[in-house]
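Feature annotations, courtesy of TrEMBL:
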COMPBIAS  608-627  compositional bias 'Gly residues'
DOMAIN    14-141  domain 'Ig-like'
DOMAIN    146-256  domain 'Ig-like'
DOMAIN    273-356  domain 'Ig-like'
DOMAIN    362-440  domain 'Ig-like'
DOMAIN    447-525  domain 'Ig-like'
REGION    85-105  region 'Disordered'
REGION    579-627  region 'Disordered'
SIGNAL    1-31  signal peptide
TRANSMEM  546-568  transmembrane segment
């Protein structure tokens, strides 16, 4: 016998039930006692299965019958079939209310569609051939996978102080077949607890057969709890049967318990923004934290010890206390106490801690914000400070360290000593707590002069007319005034090199006079004055440029003469032979007459002059050459 789809398995019998038909070899022979066989078929719930029953050998006629054997041994006829010729004719007599009903196929197999819990019975197949008969029994087992495992932990607060066991959780596995098994686990380790009641732990189990015939199992775990169980993870696991001896497993979700256990230890500390050394800055807000290891959380009492007396500051359940804007007077011993009346007598329920408030007062200098000294003098400046922990002092000028300590010594000061000096106080153990104070040193004295010598643009010295820019710088206190012996000097401005220097510039052309006299720059203040004279040496004349000027004048004069001559010819063009050499005559009427005085030659009295004055053609007043 085998399942309809081949997934069920048969045990202790072959897949094909062999029915031995014993018939007499001769007329009148006695039939032997009927023989019997047994087999086991396993199938999952809902799957179809077919029970096989076949007569071996060749027979012209035989009868096959299926019976259901109940627990009392009574057989209920289910179906029958008769072999005649080459065809097996059968029918179902009684399905005993099964839905869907039994079926008998063409091979004489009893078919059970959709295996059910009620199908777990013994089925008997009987084959008769003449007077001989034989039978075989098949036991059908049906397996059902249970539903998802459910667990219901104890939601209350369980005390570890109790000496007896307490209910931990209940685990349910529903609608399985056969009945499953439940195992309990703590932190992934199996709990080997017995079924008998005891003071350390046990479990109870109850199996219920549902109306469907499937079975449900309930298991309840009891344990005596310890404080170590406060973080333990529990769950239950259901193991169920499958065909061919296999087993399946369904785990429940993990859960934790809420335990009540007394306080054994208390931790108390100063929170942010404290430093590694435990200092807090004056003015900061400071948090105090207190934590006990009991559960549920007890009441926390914060206090300050003053003259060995507890000055209660606050009581709460959170275990936090904030001190806003702490001041130096709040330094001292603070404590926390846990009010747990279930704690053991030797349990330490109180802790203290030191609160150290760091402070730094403004710095004080022995001089004011400004110190004025004369050139070459010496002095010392003291920087005093009050703070806790003891601050460290150092001096700097223009970010350059000068030395450590409260005293700054200045000796034989120069103009380079002038500037801003800074005293800085800091605390290595409190990095963000520091202060500074500064003063400005003014150095009084006559001006100090510095000039920029300008070199000629060409080798061999300066030339007449070359442009030069002179720069004069000075420093001193009061700030010196700069003046030039020549006009055009720029106003004094701070020099690029700083350090109190001011500068002025003068741009001019080099001349022979400047070469002889020089150009002077003078710096002066209330303490004196200082002068510098710029010299240019010998200044060469500009010869090439003079020759060009003379040539230009000559060309201009020649052009002017040509213009005058052309104008004169145009005025005389009306006369025949005008501007022709050899023709002489009196001037036309209306023409002005050139004259000269004394014995001067005509050529010396005008640009163009004729002979001597007179009206004759060849007289002294005519023009001998008119062009």
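Including glycine, each Cβ sits where the backbone N, Cα and C put it.
TrEMBL annotations: computationally assigned, not manually curated.
Within the chain carrying the region 'Disordered' (85-105), a Cβ under 8 angstroms from the stretch's Cβ atoms is held by residues 50, 60, 64, 66, 68, 76-79, 111-114, 116, 118-119, all 6 or more beyond its ends.
In terms of DSSP helix, strand and coil, the region 'Disordered' (85-105) has 0 helix, 8 strand, 13 coil. Taking DSSP states H, G and I as helix and E and B as strand, the domain 'Ig-like' (273-356) has 3 helix, 46 strand, 35 coil. Here the domain 'Ig-like' (146-256) is broken down by DSSP into helix, strand and coil counts: 8 helix, 59 strand, 44 coil. Across all of the domain 'Ig-like' (14-141), the predicted model scores a mean pLDDT of 78.
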